[in-house]
2 protein chains.
Amino acid sequence: MTNASRYHHGDLRSALLQAASEQLKEQGIDGLSLRKLAEKAGVSRTAPYHHFKDKNALLCALAAEGFESLDELISQRFEGETLRDQMLFFVRDYLRFAVDHPERYELMFGRTLWKAGTPTPELKSVAYRSFRHYTDKLAALTAGQLPAGNDPLRLAQASWATVHGLCRLLIDGIYVNQEDMDAVSEQSVALILSALGR
Amino acid sequence: MTNASRYHHGDLRSALLQAASEQLKEQGIDGLSLRKLAEKAGVSRTAPYHHFKDKNALLCALAAEGFESLDELISQRFEGETLRDQMLFFVRDYLRFAVDHPERYELMFGRTLWKAGTPTPELKSVAYRSFRHYTDKLAALTAGQLPAGNDPLRLAQASWATVHGLCRLLIDGIYVNQEDMDAVSEQSVALILSALGR
DNA sequence: GGTGTATTTTGACAGTGTCAAGATTATTTC
DNA sequence: GAAATAATCTTGACACTGTCAAAATACACC
């Protein structure tokens, strides 16, 4: 019995997620429709609804995947000898992730899910976790080196905002060109580092 | 002859923009449909197409309005005696603008127009103008005070990225609570200022 | 074998952007 | 002032969307 002739797909959920991932990359968030995904998986229009409550739920799952990758990056990519090198490595890898997967990044951080939609508990949890990991990492790296009166949490928020803002401007093509990426990321790291009193 | 009975609306273009502005505020970008706007203006579904090429064009006009406001803010709101106060004023006003008009801000800077759609020449022009004004302002404020080897353009990009990233995290409801706004904006200003050598 | 559950299907509905062709009014031209 | 042209608006239509309800099918377990 061939794949195409089966009434039950067998692994529709992950087939949908995979198709969604490709569709997201090629067509963007708005070009992603449940009906197209269903067709891609060789299944009827409403079959996806037995694996995801609605479109929002599928998108949340897709975004959660992204945060998993980002979390790995945060956990691993602080290599380098000096603090400056470590931050530079991280910022460059983070930027590369965003530039390589712009639509995914938009999905992860954009209004679609967080404001227009309703983020899944799973999504919230994995997103907050990656931020906590970043805060921890930053705190460990700068332990005992922060100028008095500096809250590590505030610093994490402000520096994340810098990198995040850079990503947005970069991948949406506003104000910052991709050729400037290295120069601007160096400038941003300088921004963050000078707040650490170096 | 009453308004409702006229075949020609008279000022449909601005009526549509006004309706769109309200709709954007109440329902967000995705909740904004040309058909609803047409109905609000008391006109048939396709009438808008004689004033805007398509939905993208209308959204671009709406975003351009936003950049006009932002540009005023940049031109006027660098008050204060010290450089620190000036930056702090600006950052707070900028954040307030974004928080007060989150959907507008998303439209102005988001992928909808800049990547998924095609930004109008008018939109591009007014958006770039705002950034140029910011760069000029920053250059004027820090004239002769920049540490050697610092490119004003890079600094403008990096600092704008910081404020922009803060706005996004704030209005998209990720990570930063509105109550933390003042504290984080102070931290961000500190970030920017310390890069200026203070 | 029979029962219940998980999965998938078809049918349907309201909503969307946008094109084409025709109707109506304003404006320009003679 | 009348005729021609342009601007504006309307109706009809098409393909597409997310999602609900109800019926059909296959699987798992007792």
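Cβ from N, Cα, C; glycine included.
Of the candidate ranges B:33-52, B:133-152, TrEMBL annotates residues B:33-52 with the feature DNA-binding region.
In the predicted structure, the domain 'HTH tetR-type' (B:10-70) carries a mean pLDDT of 96.
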